[in-house]
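Taking it in order: structure first as structure tokens, then the write-up.
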Amino acid sequence: MGCVISCGLKLVLQVFNTVLCIAFLLVALIGLLLRTSSTFVQSILNKVFAHIQHEQAEKISNFVIQNSKGISTILIVVGLALAALCLVGCIASCCGCSILLIVYAAVLALLVVAQIVAVSYISTNPNKVTQYLVDGMDKLLVYYNNNQSREHEAAKSIWDALMSFDPICCGMNNYTDLTVTDLPEACCNHTTTPNSPTTCNKTSAQSANVPGCKAKINNFTMANLNMIKYVGIGAILLQAALFVITILTICL
């Protein structure tokens, strides 16, 4: 009976690790394409930003492509590392190698603990995580107001897109955060007001009294933090199950 259970557990490990290994190899492949194929990245970004103006979408896409090296490196390294871990688990379960299974279980335990810490931090400190994003957008706002900086065009595109999304907003707190002469149309509510002027100045922005984007950023971050938290919990449960199965396989 114990032999049957042990074989069943090994089969479960092999199936799970094979599927996960393929999935992580695909993640690494995406990272490789992100690094080497700008056409691939451009096609994905065009679909993501299809709902905003073409000029803004093109500027944001160029900004992402120019700064994609770090993201692609993370995807490649993490994808290959986790694929290698799954391969070790698959080989260990196939061969019945206790030492490799112990190593596999130890790494799984470390990953589970690290993810529990990360999910706990997100759950208990959502305001801090939100503040990180607000601070990052504040830095982009500085580039937005400085048309001499290299980052101005990308920052302008990102902020213009943020302000024009429903609900419209202007600046971080209000229009006074923007020091440029020609303010974006959202600051004068031109995106929703028919037959409105094509230009927006500070006088018109003051009359329109469009709210700032801080609350919008906070709401967006909070909504996505919940999704990240639930995905993290799912990953923890999956890895914890694999850890328990591995320990049972070693013991039987």
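Cβ coordinates are placed from backbone N, Cα and C, and glycine is handled just like the others.
Where the annotation comes from TrEMBL, it is an automatic prediction and has not been curated.
Taken from TrEMBL, the feature transmembrane segment covers 12-34, 71-92, 99-122, 230-251. Look at TrEMBL and you will find Cys169-Cys200, Cys170-Cys188 tagged as disulfide bond.
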Do you know offhand how many angstrom separate Cys200 (disulfide bond) and Cys188 (disulfide bond) by C-alpha?
6
Give me the count of other Cβ atoms within 10 A of the Cβ belonging to Cys200 (disulfide bond).
23
Give residue numbers and ranges for long-range contacts of the transmembrane segment (71-92): same chain, 6 or more residues beyond its ends, CB-CB under 8 A.
13-14, 17-18, 20-21, 24-32, 34-35, 100-101, 103-104, 107-108, 242, 246
I need to check the long-range neighbours of the transmembrane segment (230-251): which residues 6 or more away from its ends have a CB within less than 8 Å of a CB in the stretch?
5-6, 9-10, 12-13, 16-17, 89, 93, 98, 101-102, 104-105, 108-109, 111-112, 115-116, 118-119, 122
May I ask which residues of the same chain, at least 6 positions away in sequence, place their Cβ under 8 angstroms from the Cβ of Cys169 (disulfide bond)?
Leu162, Met163, Ala186, Val210, Pro211, Gly212, Cys213, Ala215, Lys216
Tertiary contacts of the transmembrane segment (12-34), as residues 6+ beyond its ends and Cβ separation under 8 Å:
40-41, 68, 71-76, 78-80, 82-83, 86-87, 89-90, 93-94, 242, 245-246, 249
Conformational class of Cys170 (disulfide bond) under the three-state DSSP mapping:
coil
In sequence order, which same-chain residues at least six apart have a C-beta under 8 angstroms from Cys170 (disulfide bond)?
Met163, Asp177, Leu178, Leu183, Pro184, Ala186, Cys187, Ala205, Val210, Pro211, Gly212, Cys213
What is the total of other Cβ atoms whose distance to the Cβ of Cys188 (disulfide bond) is within 10 Å?
25
Give the helix, strand or coil assignment DSSP yields for Cys188 (disulfide bond).
helix
